[in-house]
Amino acid sequence: YKRSVSPEMDIMEYCRKEWRGNTPVAKRMRKGYEAVAQKFASIRRIRGDNYCAFRATLFQALSQATQLPRWLQSEDFAMLPENLLSKYEWIKQWQLKQKPGKKMGEISDEIKEYLILLRKKWKNISEIKDPLEKQEACDKLFKNEEEEYSLYEALKFLMLSTAIELYNADKSGRRVPVFSWLLFARDTSSNPCQLMHNHLNHIGHSGGLEQVEMFLLAYALQYTIQVYRLYKYSTDEFITLYPNDPEEDWPVVTLITEDDRHYNIPVRMCQETML
């Protein structure tokens, strides 16, 4: 079994192991890691399949969750697949990782189960008061491959639902965030149906999340995702926020990337930073 989230390791020790040479890239990475080490003491490596952005974001969100987000509390949350299917026939083409080739008409119940599982896990973990116990519960959840991938299916479906909302809002003349225009300005995703076919259906199989989809994930979760992009060290984009104009009451999770493809997580905020 491959570990989904490796045990923590000192950030600078990790950096020295990974970036030894004297190339400009290695120097920049070391500077980037030094900057992260001002705020965080350790790093945890995230397993590198095409789900790593989901895995890193969800792990961070759950490890610091103290309550169930509002959108998870709504009565009709679990009815999302049924409600969307009744309006959009094309959602039947949704692809499940575990069941490639199975049509959405047959799997709307399974998506519903995944959404209920997401709510249940989030609720249970957020109710744990002891930080060590909470961490253990997260570690345990991310060792259960079947549950873990079910949660990613739930996140993907939430992204689709959010994309449909944004698309409809824009079409009816309401204000939408800038990333929403960018999302639907791509040739491969000019509407939610194309987004599903050409992007969401492939996440976890043949590709990970692109930049603009990180915004969509943040919107779906109503979390600000703060990313240290190490290869952008000493530029304005070194610390990037998704979305870049977040709502004030959205919680923040922090990730680290060296290339915008693979994400790890910094842990253990340094004491000074916490004060």
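Here the Cβ of each residue, glycine as well, is placed from N, Cα and C on the backbone.
Its Cβ placed at the centre, Asp49 (active site) has 15 other Cβ atoms within 10 Å. Here TrEMBL flags Asp49 (among others) as active site.
Positions annotated as active site, nucleophile by TrEMBL: Cys52. Of all the Cβ atoms in the protein chains shown, 22 others lie within 10 Å of the Cβ of Cys52 (active site, nucleophile).
Annotation source TrEMBL lists active site at His262 (among others). Counting only residues at least six positions away in the same chain, the Cβ atoms of Ile46, Gly48, Cys52, Gly208 sit under 8 Å from the Cβ of His262 (active site).
Look at TrEMBL and you will find Glu237 tagged as site 'Linear diubiquitin binding'.
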What is the Cβ neighbour count of Glu237 (site 'Linear diubiquitin binding') at a 10 Å cut-off, with all protein chains included? 11
Asp49 (active site) versus Glu237 (site 'Linear diubiquitin binding') - Cα distance in angstrom: 25
